[in-house]
Amino acid sequence: MVILPWENQTTIVEFVLRGLSSNQQLNIFLFVMFFVFYVLIVSGNILIVLVLLSQHLHTPMYFFLVNLSFLEICYTSNIVPKMLLIIIAEQKAISVAGCLTQFYFFGSLAATECLLLAVMSYDRYLAICQPLRYPVLMTGPLCIRLAASSWLCCFLLTAITLVLLSRLTFCGPNEIDHFFYDFTPLVHLSCMDTSLTETIAFATSSAVTLVPFLLIAASYSCILFAILRIPSGTGRRKAFSTCSSHLTVATVFYGTLIAMYLVPSANSSQLLRKGFSLLYTILTPMFNPIIYSLRNRDSHGALKMCLSKKPVFLLS
């Protein structure tokens, strides 16, 4: 019988995250800062969801925005609470099952955001390039199907990678120099052949990141040509204002994502990679509600109306 090299090694049952820093004073500052960021992310996105639903802004664009805000709440809640525990309580160990669970939701939600941004760009394309047919093309049932397909497709595709990861044996060092469990650090800790897992993961991640990126680029290319054909400057500004918020969010999201995954690891320090990870896991979700509430007149007006309402107390 052939004995594989890893069969005589101890199988890892838990992983240890190093976090962001080993300096206790710096960790206290980081804990306070990221706790405040997390509260702002959750409260800001919850406020956006409640305002858009309560003020009856039930157009396709706001329906997709509600989905995006709900996704941001789940996305950051999957990563930040564990990161805060690592920073302040030094609870750095987590079981392999817990690690894979965090990775599954992180990968699924990140991929879903890519598809939702692509769907929103298609919505803006129809609104600007085909305004007369827009109410007929972008119907309520179609919006529901597009949003549901984005969620379902990404959770199913990430499940394939999850199954492959769960079949790996981890027997090397169990420390990960990061603040959450991503795919690359995990496969590097495996002592088995991970070529199949990496190939399938690359194919699925490309499908849910590169394809939506190309659709967004194509949509805004058509939108740009349509805006340039508008004769009046006022009309061009009005048309551009309807998609400026989404364009800003998509640019920030994909900009940080590309910087994180396309920069060769040999030419970038781990600290730099952690910094880029913080951008798209914390800062981007925090800025999204601000961008949509400040740069969109309807949501801005609805937010002001909601906040200006006096509270009503029911006395029994």
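Positions of Cβ are set from backbone N, Cα and C atoms, glycine also.
Annotated domain 'G-protein coupled receptors family 1 profile' per TrEMBL: 44-292, in sequence order.
Annotated transmembrane segment per TrEMBL: 28-53 (among others), in sequence order. Taking Cβ pairs closer than 8 Å, the transmembrane segment (28-53) reaches residues 20-21, 62, 65-66, 69-70, 72-73, 76-77, 80-81, 83-84, 87-88, 282-283, 285-286, 288-290, 292-293, 299, 302-303, 306 in its own chain, all 6 or more past its ends.
Here the transmembrane segment (65-89) has long-range neighbours at 17, 19-20, 27-28, 30-31, 34-35, 37-38, 41-42, 45-46, 48-49, 52-53, 102, 105-106, 109-110, 112-113, 116-117, 120, 147, 150-151, 179-180, 249, 281-282, 285, 288-289, 292, 299, meaning same-chain residues at least 6 beyond its ends whose C-beta is under 8 angstroms from one of its own. Summarising the annotation, TrEMBL assigns transmembrane segment to 65-89 (among others).
Marked as transmembrane segment by TrEMBL: 101-122 (among others). Among residues of the same chain six or more beyond the transmembrane segment (101-122), those with a C-beta under 8 A of the stretch's C-beta atoms are 61, 64-65, 67-68, 71-72, 74-75, 78-79, 82, 94, 146-147, 149-151, 153-155, 157-159, 161-162, 165, 180-183, 186, 205, 208-209, 211-213, 215-216, 219-220, 243, 246, 249-250, 253-254, 280.
Away from its own ends, the transmembrane segment (142-165) comes close to residues 60, 63-64, 67, 100, 103-104, 107-109, 111-112, 114-116, 119, 183, 186-187, 196-197, 200-201, 204, 207-208 of its chain (Cβ-Cβ under 8 Å, at least six residues beyond either end). Summarising the annotation, TrEMBL assigns transmembrane segment to 142-165 (among others).
For the transmembrane segment (200-227), the residues of the chain that approach it from at least six positions outside its boundaries are 107, 111, 114-115, 117-118, 121-122, 124-125, 128-129, 153-154, 157-158, 160-161, 164, 183, 236, 239-240, 243, 247, 250, 254, 257, judged by C-beta separation under 8 angstroms. Among the features that TrEMBL reports, transmembrane segment is placed at 200-227 (among others).
Sequence-distant contacts of the transmembrane segment (239-263), counting only residues of its own chain at least 6 positions beyond either end whose CB sits under 8 Å from a CB of the stretch, comprise 61, 68, 113, 117, 120-121, 124, 127-128, 209, 213, 216, 220, 223, 226-227, 230, 272-273, 276-277, 279-280, 284, 287-288, 291-292, 295-297. Here TrEMBL flags 239-263 (among others) as transmembrane segment.
The feature transmembrane segment is assigned by TrEMBL to 275-294 (among others). Tertiary proximity for the transmembrane segment (275-294) is limited to same-chain residues at least six positions away from its ends with a CB under 8 Å from its CB atoms, namely 34, 37-38, 40-41, 44-45, 47-48, 65, 68-69, 72, 75-76, 79-80, 110, 178-180, 182, 245, 248-249, 252-253, 256-257, 259-260, 263, 300, 303.
When averaged over the domain 'G-protein coupled receptors family 1 profile' (44-292), pLDDT in the model lands at 82.
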